[in-house]
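Worksheet: the structure to be examined is printed underneath.
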Amino acid sequence: MSVVIEGNASDDALKGFVLEKVLDQDPRSRTASLLGRLGDRAAILLLEKTHFEPSFFQEVGTERLFSQLRDIGQNDVYRWLLGWRSLHDAEASASNSSNNAQASAPAGPGPADFKMTLIHPASETHVAKYSVQSRFMINETPELYEKIVLPFILSQPSSRIQWVYNILDKKKEADSIIYEDPDRETGFVLLPDLKWDRKTTSSLYLVAIAHDRSLRSLRDLRPEKETPAHALLLRKVQSAAAIAARGTYGLDKQGASGIRCFLHYQPTYYHLHIHILSADHTSHPGSIVGQAHLLDDVIDLLTLGVDFRKRTLTYALGERSELLALIKTSGALSP
C-alpha cells in the first residue's frame, strides 16, 4: 500500500536529518544513497533525479531553455557543453544569503544542470548508435570475419576516426592526456573519458588509445610468441592505468585490483582502445557479456598462444547496424 503525502504534510519529512555518510553514488544513473539520523535512529535516504518531462525536449534549441552554455571541449564532429537551465535558483540562493558577509562576492551559476554532447554533423551511423533497437547475437567465425566483417572494417572512411587521430597527434584534448608512452608499437595515450566527471572515483572512466594505427580491434592482436609487442602493449596499459587511477585520481585500492579494464568487440570505432573503469562502476552498459573482453583474459590468452584470427567471437549487434545488414544479406545469421 502506498501513502501519498500532500500539501504541507511533507515539509517536515526530512527536518532534522543529519548526514553521516554517503553510502553510494552513481553519476550515470543520477542516484545516491545516504546514511544519516533522524532523531535518535538511523535513517537511509535514497535520492534519484527525476527524468525529463516531454515538454522539455520541445524546448531544446530555444532561448528559454538554457540561460547559459559553456564549451568544455571540441574534437571533429563532437562538441561538449555544460548547460544551466536557469540562473533564477542561483540568484535566489544568493539573495537568501545576502546577510552573510561572504554573499557580497558575485555569485556564479553554480553546478551545471546538464552535461551535453553535440554531434554535428551527425551521420546515419550516429543515429543508429543512439537509437533504441533490438539486439541480435552474432557468432562470428573466422570465415565470417574474413568474408564479411574485415571488408566492412576496411571500408570505413578514415574520417570516422579522425577525432582519434586528433588526440594521438595532440591536435585536440592534449591537456586531458594524463600519461603517454610514445613508442610506435607498444605505446599509447591515457586520458579520462569525457563521460566521466573526473571527480567521482566510484565511476572512474579512463580510455587508453594505442599509437599503432594498424591495430583496429581484438582480431588484430597476435599470440605473444608471434608478436610480443601486442601483449606488452596491453600490460603497459594496465600498469599505467592502475598508477593513474590511484596516483592521479585517488582511487583507494592497490594496483590493478581497483580497476576493471576491457576491450570491446565489436568496438564502437576501429582503432584499438582499452576502457578502464573503477571496479565499483558496475552500471556501465559497455561492461556487459557479449561486448566486453577483460584485459586480463586477453593478455592471458595471448600468452598461452591463442590466435584471435582463429577464434569464434560472439557479440550483440543492434538491428540498425550496418554490419548486421551485411551479415543478414550473406545468410550467415544463425536461425
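Using N, Cα and C of the backbone, Cβ positions are placed for all residues, glycine too.
According to TrEMBL, the protein has these features:
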- His273: active site, nucleophile (ACT_SITE)
- Trp163, Glu173, Asp193, Lys195, 264-275: substrate binding site (BINDING)
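Location within the structure of each feature annotated in TrEMBL.
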{"residue": "Trp163", "record": "substrate binding site", "contacts (Cβ under 8 Å, 6+ apart)": "Asn75, Asp76, Val77, Tyr78, Lys172"}
{"residue": "Asp193", "record": "substrate binding site", "contacts (Cβ under 8 Å, 6+ apart)": "Tyr205, Leu206, Val207, His275"}
{"residue": "His264", "record": "substrate binding site", "contacts (Cβ under 8 Å, 6+ apart)": "His275, Gly286, Gln291, Ala292, His293"}
{"residue": "Gln266", "record": "substrate binding site", "contacts (Cβ under 8 Å, 6+ apart)": "Ser217, Gln291, Tyr315, Leu317, Leu323"}
{"residue": "Thr268", "record": "substrate binding site", "contacts (Cβ under 8 Å, 6+ apart)": "Lys129"}
{"residue": "Tyr270", "record": "substrate binding site", "contacts (Cβ under 8 Å, 6+ apart)": "Ile153, Gln156, Arg160, Ile161, Arg216, Ser217"}
{"residue": "Leu272", "record": "substrate binding site", "contacts (Cβ under 8 Å, 6+ apart)": "Ile209, Ala210, Asp212, Leu215, Arg216, Ser217, Asp220, Leu221, Leu263"}
{"residue": "His273", "record": "active site, nucleophile", "contacts (Cβ under 8 Å, 6+ apart)": "Val164, Val207, Ala208, Ile209, Ala210, Leu263, Pro267"}
{"residue": "Ile274", "record": "substrate binding site", "contacts (Cβ under 8 Å, 6+ apart)": "Phe188, Val207, Ala208, Leu234, Val237, Ala241, Cys261, Phe262, Leu263, Leu295"}
According to DSSP, does Tyr270 (substrate binding site) fall in a helix, a strand, or coil?
coil
